[in-house]
Each structure stands twice: as structure tokens, then as C-alpha cells.
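Peer 1: Under the heading disulfide bond, Swiss-Prot lists Cys168-Cys320, Cys191-Cys210, Cys324-Cys345, Cys347-Cys356, Cys367-Cys396, Cys424-Cys444, Cys518-Cys549, Cys522-Cys554, Cys534-Cys539. According to Swiss-Prot, the feature N-linked glycosylation site maps to Asn173. Look at Swiss-Prot and you will find His218, His222, His228 tagged as Zn(2+) binding site. Residues or ranges marked as active site in Swiss-Prot: Glu219. Residues annotated as domain 'EGF-like' in Swiss-Prot: 316-357. According to Swiss-Prot, the feature domain 'CUB' maps to 367-481, an assignment based on sequence analysis. Summarising the annotation, Swiss-Prot assigns domain 'TSP type-1' to 506-555.
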Amino acid sequence: MRRFCRLLFLNSLLSISICKAQNPAHLVADEFKEHFNVEEKQLETVEELLLKMKKLAHSRSFAGREFGHDAVEDSKKEVAISTQQGTIDKKVSPFLFEGDIFLSRRQAVDILKALSKDKTKRLRRSFVSDKTATWKSLPIKYRFHESIDFYTISQIIAAIRFWEDSTCITFENVSDAPVGDYIEFFSGQGCYSMIGRNGGRQGISIGESCVKMGVIEHEIGHALGLWHEQSRPDALGYVSIERDFILPSYISDFLQRDDEIDTLGIPYDLGSVMHYGSTAFSVDQKSKTVVTRDSLYQQTIGQREKLSFYDVATINTAYCKEECKSEKTECEYGGYMRPSKCSECLCPDGLGGEKCEKNEDAKNAECGGILELSDEWKTIESPNYPDPGYEADQKCSWLLKAPKGKRVEIEFIEDFSFLCTSTCVDFVELKISDDLRNTGFRFCCYDKPEISFVSQIDTAIVIFRSQLSADIGFKIQVRSTESEPRTTIAPTIITTTMAPITVDTPNVWADWGEWSMCSRTCGGCGIRSRVRSCRSKKCEGRRQEFGTCNLKACPVDKHCAKLLSNNRLCNGKVCTKNDIAISSCDAPQCCPPFVNVDGMCQSDQENHHDELWLSI
């Protein structure tokens, strides 16, 4: 069997090494059977149920049209649920619901039954309502399949760390397949996962186009029990579905459901990492299929940077009610005690400090702050506005406070320019509703917002974020006002409060256990882990740590080839250039960022061997 290695250089900064076995005869069904606790017959049943679902939804929406013809035509086109997430692989598409969900047989049957009925009553029921689908014991065990490369592993661990830091959910990496329930990360044909715990081996596919923290957090969110945000029964109060622009055979992927989904009292969040993008399943990948009721939210939906505050709150409400019970909640602006560390507040985006009382600390820039407003205008601008402008990977936030009884007025002035994408990646965000926990309006591209914004309460938050590019940025002026607020959709207030945990004894950790076996035999991209147990009721710190291992360079493989790809943005605009070169693997190989030095894999980054995994 021939092998190939792929080495990608992204934005001249990140390198990814991918080695796989090529086998043209490989059946897509084998991917599901290998990584999920499913047999051939079950897989066929799920495929049949999904097809019935598609046909039924198609007949109701497009009476008189032939489903078979539409399905054939649609299969020729690329589809995705968000421009920030990879396209859906056509080979796995027949087995997936809503683009990236592999349903259990029971879930598929329940959804088809609900679709077959004429339901007129909608219950306020984004979380799986089946209580058996929650993970009963922690930590959740997981392992990496050999198809996962070194860089992807690091991104998966970073995503897991984000979940662990923000919730009471804990994970444990294991080298071999354990007995019982566990997650197996593998490099499959696209990005997909199951909803909730399904028993035994449960895969999460992180394909080549999925190696982004927000996408990985999204797929882990499915495994914990999160459905897509726009599937909630209350979704049509916030978005409308434009059927004329949806690929007809995919209309079943736009259902709002009540029986399978429980909102847990969490407000609808247009900035959820679980939300479809505006061109999901679009006929031409440009026409909008999901349109926000408030047009100012249009470029907010579909983000895949990270979990939103309410994404995390949903899981904390479902799993962590017993945490932090004895702690007095002193967090401001809707923050609450962090379940993973009850002495800290978990703050809404844009806020920070011990009690969420101040703006969030800046990232890679000197900016942000707290502004006490008066009737006089004050100005705020992005870093280095307007020239040379902001740089990639910066963040700033400003907490704006008007006198009691007044509101905050915001106007954009002078030049305005950001990287232009259908879902804003670089943006300025205004949080001006009476719920500062929810995501606000995000603005990008080149057209300066011309209207004057007025907050609903005496406080507002402005957030600047750049992920990919450099550009001019924004400048605004702010002041206090007695004007009426700009009308917008009022988010529902959370009805389920976080139950604040008793820590009766100080941290008492046991000694670290033995290191696990290395996941690779050579090349420096292997990892090993070890765990320790908490001997007191509550411990702070990591219960598992990771290290690199087997740093000897891999032997020469004459059948191996490298694909070098260089992708970069130019001048901060939408401009991408791809350069490809082929070369043979004629020397012992190391996984990036390691290089072969006298037969050993060493990093060109100082202390990289020792610190990479321990710092994740």
C-alpha cells in the first residue's frame, strides 16, 4: 500500500504534517464501522432513515418536484454549514444529518417520526433532551487514532482544555481503547460527530479542513449533547430560512425541533459556535439561506473561533449544577463562578477582572479600558489606526459606562476597513442589549455603519478582534445620552442559574502516575501522558499532563512524497495564492516543527520539546 506525507505551511507560520495510507478501494462505510460502535446493518438503517427524512421534507417544501433529480443535481455542488468550516465530503454526506452529525438509529427514528407528524405546539425544549445521552462518569476517556497528525493533536488538546477550563467536564487521554464509553479522534472525510454519549467507541472526525480550534470545540460540543443552534424550536424568532436558495435535497437539514432539543432556559445566541453560517447548503455558496431577523447580526452567525459564553453556559447548566454551591456569587454583568475553579468568575466575552467588573485584558496590543461617559464625545479606535493599522491576532475591549438613568450612544467615524468575509473573522463588535452575556453585532468589510447606536441600559461593551489579517480598522465616538435605545431583538433572560461547590479541604494531589506508551514510534510527533488523582474533595490544577516522546527520526520511505503548500493573505484583502511543489522523502523524517539533527528530531524553537505539551 502506497503512503504519502503532506506538509502544509499556513500563513508562513503554521506547519502541518499528514501521513496516510492510500487505498482507492476503501469504502466510506468502513470509516464509520471502524470508529463508531456501529454494525453494517445499523449503518444502512440510519442511511435509509435519513433518505426518508430528505424525501419527506422535500415533498412538503417543493411539491411537484422530483426528489431524485434534485438529489443528483445537488450532489454535483460543494456544500458547507459555515464558510468557517470545511465543505462536507460527498462520500460521507448520505450518512450525516445537518452536515456534521452522525445520528444513532434511535435519534434518526425519533426525528423522522416528529417530521411525519403535524405539530402545531412548540415547547421551549439547544441540548439533547434524552437524559441517557449525557456522559454519566467523568473524566471522559478519549484516544487519538493513528491517522491524527501531530499538529491536529495539539489543536484537539487545546480545544479540550478550553472545555475543561470553562466547565466541570474533565477528559482523560488513554493510549489504547478502554473498556466502556470513550471518544476516538480520527482524521476522517470531513468534520462530524455524534450527539451526546452513545455507548462504547464513539468517533469524532477531524479531517484536513477541520483543524481549527472552534471547529473542534463545535464537534466536541455535539459529543457532549449540543445540537445546532438554529435547530432550536425558538430559532425562527431570530432567523428566517430562505428556502429558495437552499439546495432542495438538503431542506431536511433546516428543521426546528422540540422533542430532541432542550434549551435549558439559555437564550438564543446568534454568536454560538454551534450556529449555521448565512450560506449553509446554499445553491451557489453565496446566496443567503439563513437570514437574521435583525440584519445587523448577519455577519455574526457561523463563527468558528471559539465557544460563546452561552455555549458554555448550556453545558454547565446540564452537567455542573452541583458545582460551586457553597460559593457566594459576586460576579458582575451575568458572570458566574467557574465550575472548574470556584474561586474565579467566568465572565462574558469582553469582560474580565476578579468579578467581571472591568474590560477583558488586551491581546497582543495596548488598548481597551473602562470609559466613564458624559455628554461630551470620546473616541475609541483599533490598534495603530489608521496607519499602519491593526495586525493579526489582536483583541481589545472597552467597557462603556453612562451615568445612571442614561444610555450609551455610539457612532462610527472616519475610515473603516476589515478583512471581508461572510462571517466576520476580523471585526468590531457592539454589545448594546440589556444582556451583556449574549453576542453582539459584528461588523467587518469596507462599509462603515452609518446609523447611530444607543444601548438599552447604561452600560455597553465594544470588542475589537483580528484573527487573520492586517487592515485599517475602525474609529468610533461615544457619549452618554437620554435618547431611546435602538430597537433590537430582546434576548430571553436565563431562568436556570448556576448553582454555586464546597471545598472542605485544601488541594491534596497524589503523585504522578507512570507515563503511558508513546503514540508514535519515531519522528518526534508522538505524545505520552500521565495522570494523578485528587485526594481531597476539590483540587485546582491539571490532573493530566502530556509530553513528547520517541524523538528519533523515522527511516527513509522511498514511496513517500511531500506536498508543499503555501497559503497567504495579501495586503489585508481577500487574496489567496497557492504554491505547490513536489519533492521526494530521501532523508530520515521528523514531524514539524521538529527537524532532523544527526538522526534526532529537534525543534528550532527553544525548549519546544519540553514545553509544548505541558503548556497546552
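Each residue, glycine too, has its Cβ placed from N, Cα and C.
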Peer 1: Could you state the whole-number distance in Å separating the C-alpha atoms of Cys356 (disulfide bond) and His222 (Zn(2+) binding site)?
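Peer 2: Counting only the Cα atoms, the answer is 29 Å.
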Peer 1: Which numbers of helix, strand and coil residues does DSSP report for the domain 'TSP type-1' (506-555)?
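Peer 2: Result for the domain 'TSP type-1' (506-555), in helix, strand, coil order: 0 helix, 16 strand, 34 coil.
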Peer 1: Using the alpha carbons only, what distance in Å do you get between Cys444 (disulfide bond) and Cys396 (disulfide bond) once rounded?
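Peer 2: Cys396 (disulfide bond) has its Cα 15 Å from the Cα of Cys444 (disulfide bond).
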Peer 1: Determine, using Cα-Cα distances only, which of these recorded positions is closest to Cys191 (disulfide bond): His218, Glu219, His222, His228.
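Peer 2: Sorting the recorded positions by distance from Cys191 (disulfide bond), the top entry is Glu219.
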Peer 1: With H, G and I counted as helix, E and B as strand and the rest as coil, say where DSSP puts His218 (Zn(2+) binding site).
Peer 2: helix
Peer 1: Would you say which of the disulfide-bonded residues Cys367, Cys522 has the most Cβ atoms within 10 Å of its own Cβ?
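Peer 2: Max Cβ neighbours within 10 Å, all protein chains included: Cys367.
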Peer 1: For Cys424 (disulfide bond), which DSSP three-state class applies?
Peer 2: coil
Peer 1: Drop a 10 Å sphere on every Cβ of the disulfide-bonded residues Cys324, Cys345 and tell me which sphere holds the fewest other Cβ atoms.
Peer 2: Cys345
Peer 1: Quick one, of the binding-site residues His218, His222, His228, which Cβ has the fewest other Cβ within 10 Å?
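Peer 2: Fewest other Cβ atoms within 10 Å, among the binding-site residues His218, His222, His228, is found for His222.
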Peer 1: Cα-Cα, whole number of Å: Cys168 (disulfide bond) versus Glu219 (active site)?
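Peer 2: So the Cα of Glu219 (active site) lies 18 Å away from that of Cys168 (disulfide bond).
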Peer 1: Please report how many Å separate the Cα atom of Cys424 (disulfide bond) from that of the residue listed as 'active site', as a whole number.
Peer 2: 21
Peer 1: How many neighbouring Cβ atoms, not counting its own, are there within 10 Å of the Cβ of Cys210 (disulfide bond)?
Peer 2: 23
